[in-house]
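Right, one structure below, let's go through it.
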Amino acid sequence: MIAGLFILFNFIALNRITHHLSFTILDKEPLNTKDLEKQVAAREAVKYIRDNDIVGLGTGSTAYYTIIEVAELVKNGLKIKGVPTSEHTASLATSLGIELLDMNAVEYIDVTIDGADEFDENLNLIKGGGGAHFREKIVASLTKKEIIIADAAKKVDQLGKFKVPVEIVPLALNYVVRAMAKLGGQGAVRMKDGKQFITDNHNLIVDADFGLIGDPAALSEKLNQIEGILAHGLFVNLAAMVIVGQGTEAVTYTK
């Protein structure tokens, strides 16, 4: 009887530990090409982090690898404090031992490392696939050096194949959708598990298709003028560099 209880106790404990580590075991599994390239880019990007830096921590599958690498720097003795761009990132970073600061507690951020869904030769970006682009844009605006990491497939000649995520205050949804249609944007409310996707800020996201975007800065400004849009996924003049994993090598793009 005692032996049986001992085995049951250990089984439950193991399951709890496995669940707790579910974020961190991914890098122990074989990586596909895209994930390998993200990891390569993340390892190159963290070379720009210095002791005592405040570091912006991005959100999404690409930023995941950065958080793993930042945690290794902390483990090795660097005094780094992070500013998360989402609740998910905050949870992961805390579980890995990274001390966090509230966005309102900092005047600036030394380095931010984040992902992107697309980037062009001018380092204009489309972000927001993870639904965190509002906070990501604030963090980017506070940052001295915004570093974007990506796999090779994210580089495009012209933005727009990836739809532009637009975070919208719910009561303004129909108005905003009509206003975006006048700019040539068509889209639908993002869904997840059969329900409307709700951001950390309790808003909705419409993924808007504007076709290929000839002038990202002009479209960004027009979207900024629509009341009810909290943030859109066009990031113009915010990235200092983009580091791309190409196979096992890292390639850096700057303006």
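Every residue gets a Cβ built from N, Cα and C, even glycine.
Lys154 is the only one of Lys81, Lys154, Lys155 that TrEMBL places in the substrate site (with Thr59, Gly60, Ser61, Thr62, Asp114, Gly115, Ala116, Asp117, Lys127, Gly128, Gly129, Gly130). Residue with the densest Cβ environment among the binding-site residues Asp114, Ala116, Gly129: Asp114, by other Cβ atoms within 10 Å.
Counted within 10 Å of its Cβ, the other Cβ atoms near Glu136 (active site, proton acceptor) come to 32, all protein chains included. Note on the binding-site residues Lys127, Lys154: the fewest other CB atoms within 10 A surround the CB of Lys154.
In this view, Ser61 (substrate binding site) is surrounded by 14 other Cβ atoms within 10 Å of its Cβ, with every protein chain counted. In the three-state DSSP assignment, the secondary structure recorded for Lys154 (substrate binding site) is helix. Other Cβ atoms within 10 Å of the Cβ of Thr59 (substrate binding site) number 29 in total over all chains.
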